[in-house]
Amino acid sequence: MQNYEESVSFLTSWGPFQRKIFVVLCLACVPCGYNILSVIFLLASPPHHCDIPAHSNLSQEWIHASIPVKVSGQLTRSSCSRYELDLVRNLSTMGASPNWMQNQSVQQGSRPEVLSNLRQEGCKDGWTYSTEYFQSTVVTEFDLVCSEQWKQPLTSLVYFLGGLSGCFVSGQISDRFGRKPVLFGSIAILSIFSSAVAFAPSWPVFTVLFFMLGLGQIACYIVAFVLGSEILVGSSRVIFCSLGQPFAYAFSMMLLPGTAYLVRSWRHLSLTMALPGLACIPLWWLVPESPRWLLSHGRLPEAELLLRSAALENQVEAPTVIFLPPKAERAGSQKAESVSFLDLLKTANIRRVTMKLWLIWFSMSVCYFGLSFSMSTLYGNPFLNYFLLTAVELPAFFASWLAARSFPRRLSFISFSLLGALALLFIQVTMHSHPDLTMFLVLLGKFGVLAGNGLVYTYTGELFPTVIRNTAMSSCAMFSRVGSSVSPYLLEMAEFNELLPWIIVGVLSLLSIFLCIFLPETFRQPLPDTIEQMPVTQWFAWPWASKAALKRKFTKKQSTSLELICTTRL
């Protein structure tokens with residue numbers, strides 16, 4: 001297996017077969033990208049205040065005056081309290097008006113706030129929600145505000161915990177039973193539970209169904225990524241991993257804000273989210289199993305049959321023997337190797353790589369979703385804000401693809417992440433004085449975070465071997481889901497200091513930069529197929545250190561095959 005890419009070089013790197021795989025796997029990513037921002041739109045919390053019942057017989061002037069006004073940077077109506085309705089009703093019956101009482105209080109030198117000395121009470125009759133942007137959301141239908149507000153971040157947490165569980169389970173199932181069944185199983189979960197969520201009669205039922213929806217979201221993306229990186233080789237693999245799949249994911253993310261703008265009811269929006277998964281059903285007959293995975297499990301005839309079919313599509317002649325018997329025997333022996341989660345910690349070398357990548361993925365996920373949730377604190381149309389926040393992913397992934405083609409992985413990741421971290425840290429200077437500049441810094445920060453994130457996917461896939469690649473990718477995605485689970489609570493920190501969420505995401509970007517320095521370089525190296533072929537991890541190396549120097553340093557630890565530089569231009 002160590003010469004797999006050389007053995008399949010007869011296919012060329014960009015024929016009809018590769019183009020078909022490229023397109024269908026990009027399309028298979030649409031359902032997971034379309035669903036990722038659902039947590040923001042389904043759980044949107046529009047402005048609200050206590051409801052004043054119609055039977056109170058109050059004029060519009062008194063109804064408006066019955067809600068206390070708070071001063072916190074700007075005048076805002078209280079969301080969770082009102083003046084005692086019986087007292088307000090008595091004042092109205094006596095013929096007093098709010099404006100007259102305010103004028104009287106000013107003339108007497110007392111506080112000018114009308115009714116400010118009256119006792120207040122909670123929203124005993126429910127709430128009135130703004131319908132400027134949303135007709136209904138889960139928050140407005142189940143009244144997840146005020147004393148029940150803790151349920152909002154908890155619901156987001158449950159969704160991301162579903163993603164964490166999906167990553168843990170799907171990675172091991174995929175490495176044991178194949179990439180293709182898990183890919184389409186994840187898409188099926190997205191469609192089924194998107195539809196089921198729309199009929200949830202209560203918040204507890206919605207939360208359980210939302211967990212199941214999260215179960216298939218990131219698993220779909222990870223399995224499609226691994227499948228594409230194993231079927232494609234050379235330049236086509238780099239284009240798919242760094243540009244094709246991320247672009248498809250970003251385009252599908254951009255569709256949801258537009259859909260939410262047109263479909264303002266959360267139940268109808270949930271039903272709409274099931275459609276991309278249903279449209280992917282015909283792709284089952286176009287997506288093959290990974291030949292690398294088949295070979296790693298000793299299924300040599302199936303792998304050769306798949307590659308010969310690909311040769312017919314590309315109109316090239318396959319060699320009489322694609323894999324020599326000794327290599328096939330070694331590949332078959334890999335079936336005896338365990339591919340469990342614990343194998344990621346089995347040796348010192350793979351353990352060092354795994355733990356660093358876990359922390360990097362955690363940090364990057366907190367930054368990514370922290371930016372998304374913190375956008376609700378900025379001014380402007382939420383649909384436009386989130387559209388811009390997803391649209392900036394296109395140039396970010398294009399930049400990461402250019403970097404993946406021509407520059408070392410570590411140096412590229414450090415450069416992008418540093419740009420994002422500095423932009424996010426500067427937000428504390430411009431937050432109040434320059435809202436347009438603040439939005440620009442947010443988008444610049446998202447650009448840096450996303451470009452770095454795109455490289456991390458490629459980098460991680462190149463570091464881990466075929467026998468455990470999907471488990472490794474899924475474990476990293478699992479830690480990514482831990483980070484996304486924490487991110488909804490960043491908004492709670494804004495209660496202490498509104499700049500704190502932006503500072504945290506900036507610092508975490510710096511942490512991921514520091515950890516990346518200690519990872520080995522994989523630029524223009526062949527993909528490892530066994531754990532023994534993994535590049536040796538050094539405790540410290542500058543990102544600009546030459547590969548020749550690193551090779552000399554570890555020549556006694558690495559096999560000769562790993563010292564060969566891949567001649568294919570990535």
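Quick reminder: no glycine exception, Cβ is built from N, Cα and C everywhere.
Annotation source TrEMBL lists transmembrane segment at 21-44 (among others).
The domain 'Major facilitator superfamily (MFS) profile' annotation in TrEMBL covers 88-524.
Summarising the annotation, TrEMBL assigns transmembrane segment to 157-174 (among others).
Using a Cβ-Cβ cut-off under 8 Å and counting only residues 6 or more beyond its ends in the same chain, the transmembrane segment (181-200) has close neighbours at 28, 31-32, 35, 38, 42, 166, 170, 173-174, 206, 209-210, 212-213, 215-217, 219-220, 223-224, 227, 267-268, 270-271, 273-274, 276-278, 280, 283-284, 287. As annotated by TrEMBL, transmembrane segment applies to 181-200 (among others).
Taken from TrEMBL, the feature transmembrane segment covers 206-227 (among others).
TrEMBL lists 239-263 (among others) with the feature transmembrane segment. Within the chain carrying the transmembrane segment (239-263), a Cβ under 8 angstroms from the stretch's Cβ atoms is held by residues 21-22, 25-27, 29-38, 41, 221, 224-225, 228-229, 232, 269, 272-273, 276, 383-384, 386-387, 390-391, 393-394, 397-398, 400-401, 403-405, 454-455, 457-458, 461, all 6 or more beyond its ends.
Annotation comment: TrEMBL describes 269-287 (among others) as transmembrane segment.
Here TrEMBL flags 358-380 (among others) as transmembrane segment.
Taken from TrEMBL, the feature transmembrane segment covers 386-404 (among others). Here the transmembrane segment (386-404) has Cβ contacts under 8 Å with residues 37, 40, 238-239, 241-243, 246-247, 249-251, 253-254, 257-258, 371-372, 375, 412, 415-416, 439, 442-443, 446-455, 458, 570 of the same chain, all six or more residues outside its ends.
The feature transmembrane segment is assigned by TrEMBL to 411-431 (among others). Outside the transmembrane segment (411-431) by six or more residues, the chain places 364, 367, 371, 399-400, 403-404, 437-438, 441-442, 444-449, 451-452, 455-456, 459, 498-499, 502-503, 505-507, 509-510, 512-513, 516-517, 543-544 with a CB less than 8 A from a CB of the stretch.
Annotation source TrEMBL lists transmembrane segment at 437-459 (among others).
Tertiary neighbourhood of the transmembrane segment (502-519): same-chain residues 352-353, 356-357, 359-360, 363-364, 366-367, 370-371, 374, 410, 413-414, 417-418, 420-422, 424-425, 427-428, 431, 445, 448-449, 452, 459, 463, 490, 493, 537-543, selected by CB-CB distance under 8 Å and a gap of 6+ residues from either end. Per TrEMBL, the feature transmembrane segment maps to 502-519 (among others).
Sequence-distant neighbours of the transmembrane segment (21-44) (same chain, 6+ residues past either end, Cβ-Cβ under 8 Å): 133-134, 137-139, 144, 152, 155-156, 159-160, 183, 186-187, 190-191, 194, 197, 213, 216-218, 220-221, 224, 227-228, 231-232, 236, 239-240, 244-245, 247-253, 255-257, 260, 266, 269-270, 273, 276-277, 279-280, 283, 286-288, 372-373, 376, 382, 386, 390.
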